Structures are given as structure tokens and as C-alpha cells.
Amino acid sequence: MLYRLLSCVTRKATASAFYRLPALIMKPQVYFVLGGPGAGKGTQCAKIVEKYGYTHLSAGDLLRAERGRPGSEFGELIENYIRDGKIVPVEITISLLQRAMEETMKSNEENNKFLIDGFPRNEDNLQGWNRTMDGKADVKSVLFFDCCNEVCIDRCLERGKSSGRSDDNRESLLKRIQTYVQSTKPIIELYEKQGKVHTIDASKTVDDVFAHVQKIFDKEG
Ligand code: ADP
Ligand code: C5P
Ligand code: MG
């Protein structure tokens, strides 16, 4: 199979591209990062980036950036979904993720290790990923930052004192938690059945949580 792929690629490759062969067959290697709002996904991703050289793509951050982009046709829709704690239609999110992955790999094709944070958050997200990325990226596994709803809410309310986020308030948070329980948990359970989930106790201190994360990455790369 690999031989067939290689010979096919070689036939198509020009002489100058030959030396880039390993990069040509490099696919994005992806960890999905999930957990309730405020579980510490972003905090831990930053530490993984620093130590293991991954690229962190937060679906929420990408949506907020698109919301704020002058002339964006989706700005208002995104803001309404975010404030209501609902999940934006996947066509928007996946195109932002895809573009960000392409941009990252364009500068250096070997930058193919990604943490995709806050995705897939519901069935629509998952189906959109499968439709668009099937065969184009490898999902290595899911990092599930497990934290009870009360701690998640407290952390977001604390973050809300300085984040400026329109959804770090009690009203939005109750909706976000509901979305998490009703729509995201079943996705985590689906991956669990495939033996693809690392469950991490995210209620501990940042350093203790990262100690667990390091055990995973030291083993898996
Ligand atoms: P998420 O990306 O999952 O929404 P963040 O990483 O933004 O979560 O963290 C939410 C808030 O909680 C931030 O203010 C962050 O500083 C804080 N925080 C993150 N991890 C911990 C932790 N393990 N213990 C206490 N506070 C934390
Ligand atoms: O992950 P984060 O807390 O930054 O997400 C904030 C909000 O962005 C979510 O509550 C949701 O409204 C939106 N979002 C989404 N689809 C995703 C990720 C985030 O609609 N896959
Ligand atoms: Mg976050």
C-alpha cells in the first residue's frame, strides 16, 4: 500500500520535488481537545505547544477572530451563537480550521502536529470533519479535560473579570454547560468506545494537570 502510494507520488513528482517526498506524504496529525467551558483546555494547550511543538488551533478563538473581521458576513451570526452557548454551523468552523492548518503547513510542511481545541463539539461538527477531512488528516486521539460543572462555571466567571468575552457570564454559562452535556459529551463517549480518549482530571492544579498531559505526550510524541 505504502509502496503503491510512493510510486504514484514519485511518478507525479518532478525531479526537484523528489527531495520533498517525505513532506508530500505528511498529513496533519491531530489531537482533539475537549472538556467543559473553563476546564483548562487553552491553558494546557499553551503548555503543550511550548514543550512539544504543536500548533494550537482553538475553534472558539478562530470564530471570535472571524466575528471581529471587518466585512465578515458571519460576524453577527457567530456572536449570537456564542452568547447563546450554541454551536456554530460546521461549514463556518471547518473552513476556518482548514485554512489555519493550510497556512501553518504552507510555511513549513513539517509543522503538521495540531491541537484542535473545542472541536468537534456536536454531531454536526463531527460529520463536517468526516466529510471534509476524512483521509486528509489523522486523528491520533482525544484529550478530554474532565472537570465538574461547578468548577468550570467558577473558573469562567473568574476569567470573565478580565476576558472581555460576551459569554463568560452566568446566563451564557448555563447555556454553554447545557450544550456541553447534551451535545459534546456524546461525542466524547463515541470516541471513548473507539478507545481513543485520554481522560485527564482537570480539577487539579495547572501543574498537576500538565504532569498527566506530559505522561501522554512523552509516550505518544
Ligand atoms: P478553556 O479553554 O477550557 O475554556 P481556560 O484554559 O481558558 O479554559 O481556563 C479557564 C480559566 O481557568 C482561566 O482563567 C485559567 O487561568 C483558569 N484555569 C485553567 N486551568 C486551571 C486549573 N487547573 N486550576 C485553576 N484554574 C485554572
Ligand atoms: O472553546 P470556547 O469556549 O472558546 O468556545 C466559545 C464558543 O464558541 C462556544 O460556546 C460556541 O458558541 C462557539 N464554538 C462553536 N463551535 C466550536 C467551538 C466553539 O460554535 N466547535
Ligand atoms: Mg478556551
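Using the three backbone atoms N, Cα and C, a Cβ is placed for every residue, glycine included.
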For the ATP site that TrEMBL assigns to GLY38, ALA39, GLY40, LYS41, GLY42, THR43, ARG159, which of LYS86, LYS113, LYS196, LYS204 is also named?
LYS204
For ALA39 (ATP binding site) and ASN125 (CMP binding site), the CA-to-CA distance in whole Å is 20
Should anything in the same chain at least six residues away from the region 'NMPbind' (58-88) have a Cβ under 8 Å from its Cβ atoms, list it; otherwise answer none.
41-42, 45, 96-97, 100, 116-119, 121-122, 124-125, 165-167, 172-179, 183
Quick one: which of the binding-site residues (GLY40, LYS41, THR43, GLY118) have their CB closer than 6 Å to ligand 2?
GLY118
Among GLY38, GLY42, ILE87, PRO120, ARG165, LYS204, the binding-site residues whose C-beta sits under 6 Å from ligand 3:
GLY42
Spatial hits near ASN125 (CMP binding site) (Cα distance within 10 Å) out of the binding-site residues GLY38, ARG64, ILE87, ARG165, LYS204 come to ILE87
